[in-house]
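Here is the structure we will look at.
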Amino acid sequence: MAILVNKKTKVICQGFTGSQGTFHSEQAIAYGTKMVGGVTPGKGGKTHLDLPIYNTVHEAKAKTGANASVIYVPPPFAADSILEAIDAGIEIVVCITEGIPVLDMVRVKRALVGSRTRLIGPNCPGIITPDECKIGIMPGHIHRKGSIGIVSRSGTLTYEAVAQTTAVGLGQSTCVGIGGDPVNGTNFVDCIDMFLQDDETKAIIMIGEIGGDAEENAADFIKHSKIKKPIVSFIAGITAPPGKRMGHAGAIIAGGKGSAEDKLEALQSAGVTITRSPADIGKTMLDLLNG
């Protein structure tokens, strides 16, 4: 069953004819994703990668029946692209763009309330259900269909968890990169809730990092959830000094909050198995499942 996307998901690309949109759409098509068109204002009526181009998301949705969109649009214009997709009623919107102004994302968060749209990202690698649907920039070949749900704030650490769970023979049900910005569309709790309710997902890997309280909120949710599944977590930034931003805009220990130790403590108290090395994620999960 997986979560959010599958082989029936119809995907359009906003920023379709740009270099990033072109490259990653080619990769998605080669993977088997059901790409049905793209949006580039002013180029409607033409074709690109043998798919139709539309001027607006409304038009693309009406003509193709798309229920998902991936956004490869520069930071100054990305929020408007998300808002257009929300307005068109696209169900899954994946925004890859890094560097969207925080106030722009606050506007987007407000527009999401009461809408039918779920936003993944921004500043994320995207979402993939192996062998079915790849939306984003992750390397498809490292994924294998399996039973581990992966949710992560970090792109490259997601790939590390994927490669390791593939190597030990577990595979993945769905992998979601929620992004490293302070304001995003989908959080750990949203994804863990879906994974807990998904029959195909037998266990969960959660990769967090310093900054914010998303991991603490997830720990609280896990602790009080009636459904229980094995969960392994790694938190990046254990050695990070307070006040220093570590890569992502949201990865900063500020006001004495958001340290790795706080997060690890909260997760451990919720019954989550912790690994302190990213190299041990797959092995830790395999050992946990083999009991």
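The backbone N, Cα and C atoms fix where each Cβ goes, and this holds for glycine too.
When Swiss-Prot records T17, G18, S19, Q20, I96, T97, E98 as binding CoA, the matching candidate from K43, K61, K63 it lists for that site is K43. On the backbone, the CA of T17 (CoA binding site) and the CA of Y159 (substrate binding site) stand 27 Å apart. Between the two most distant C-alpha atoms of the annotated CoA binders (T17, G18, S19, Q20, K43, I96, T97, E98) there are 25 Å. Sequence-distant neighbours of G18 (CoA binding site) (same chain, 6+ residues apart, CB-CB distance under 8 A): T40, Y72, V73.
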